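What follows is a single structure, written as structure tokens, with notes after it.
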Amino acid sequence: MPPKKQAQAGGSKKAEQKKKEKIIEDKTFGLKNKKGAKQQKFIKAVTHQVKFGQQNPRQVAQSEAEKKLKKDDKKKELQELNELFKPVVAAQKISKGADPKSVVCAFFKQGQCTKGDKCKFSHDLTLERKCEKRSVYIDARDEELEKDTMDNWDEKKLEEVVNKKHGEAEKKKPKTQIVCKHFLEAIENNKYGWFWVCPGGGDICMYRHALPPGFVLKKDKKKEEKEDEISLEDLIERERSALGPNVTKITLESFLAWKKRKRQEKIDKLEQDIERRKADFKAGKALVISGREVFEFRPELVDDDDEEADDTRYTQGTGGDEVDDSVSVNDIDLSLYIPRDVDETGITVASLERFSTYTSEKDENKLSEASGGRAENGERSDLEEDNEGEGQENGAIDAVPVDENLFTGEDLDELEEELNTLDLEE
């Protein structure tokens with residue numbers, strides 16, 4: 001009797017995968033919905049440790065890249081085999097009534113058609129690109145009506161046409177040249193094509209499915225507007241070049257004269273508008289006017305308001321909590337706003353030697369201050385000079401009191417003993 005086969009120690013791959021998922025779920029219980037970076041990093045580390053053990057993340061990424069390369073190699077091999085052995089092409093089917101010569105032969109595309117000129121399908125690979133596109137400026141229903149003449153009608157068809165043309169339902173139906181909104185939306189959103197069906201009833205839609213001549217779409221308008229846009233600098237340069245060379249130079253006098261003329265034109269226009277509105281108000285034409293205009297057009301209303309006002313006098317009590325805020329008020333001097341030319345007389349430019357001498361003096365001062373020798377070099381800071389000046393003005397210089405018994409002989413002896421007994425580490 002042969003010995004029994006030993007069961008696999010590791011078990012099946014599915015069982016191992018379930019165990020790993022169970023361990024990951026137990027260790028990350030309650031942390032999956034946490035959005036913190038630490039929790040997400042911990043979950044990622046636990047998942048990697050359970051799935052790949054102590055394997056390096058670089059090795060895992062390398063193994064995945066190798067698997068991907070193997071898949072790509074297999075795909076390339078299949079493509080090469082298909083090109084070499086030419087797989088079987090399914091029989092071609094076309095819809096009833098369609099012209100076979102308008103369809104490219106599938107076997108000819110693969111290079112397997114042996115019929116040649118006898119093949120009922122077309123062998124012209126450019127035929128698909130030569131197909132007529134559907135025009136958005138022509139309604140296909142109009143063409144069908146033009147081709148559908150009385151020569152091809154029978155008695156039943158004739159009755160149907162008469163009922164449609166002169167029937168009561170057709171008379172009640174409004175005739176319109178309005179373009180269908182669904183048709184326009186489909187064109188604007190690039191959804192219009194051979195298989196597009198109008199949501200408003202398909203071929204029964206009462207509105208036209210063709211654009212009128214000269215109609216411009218919104219997307220084309222936006223493109224034209226973007227092309228017409230120019231920058232502010234280009235606009236200024238274009239306007240300047242259009243003025244020509246014979247122009248008046250702008251000076252203070254010409255600018256003030258232009259400003260005065262514009263201001264006077266504005267005042268005249270405002271007065272004309274007020275006179276016109278006043279005439280409309282008197283004639284009863286102005287229905288909407290402001291309260292200010294009412295009192296301007298009828299000043300007598302101000303006196304009427306004073307007569308109807310309350311004559312009661314109120315005395316204002318002086319409270320103890322009032323604070324007297326004394327604020328200095330300065331009158332506006334209009335002479336400050338008078339434009340003037342810049343007076344360039346008397347303006348001088350400093351020479352380069354002055355700047356070089358000034359910088360050298362500053363560098364010397366900084367050097368003496370850094371070396372701590374201001375007293376030796378006979379230099380003093382601005383602060384010392386100010387303090388000295390203040391002291392001389394007061395008539396005496398305040399001396400700093402010095403304690404002469406601060407360092408006696410006993411203190412110095414104790415200091416020397418401490419220095420001698422101090423252990424110095426090298």
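Glycine too: its Cβ is placed from the backbone N, Cα and C atoms.
Swiss-Prot lists coiled coil for one of the ranges 61-86, 165-190, 347-372, namely 61-86. Across the range of the compositional bias 'Basic and acidic residues' (13-29), the DSSP-based residue counts are 15 helix, 0 strand, 2 coil.
Counting every protein chain shown, 8 other Cβ atoms lie within 10 Å of the Cβ of Ser231 (phosphoserine).
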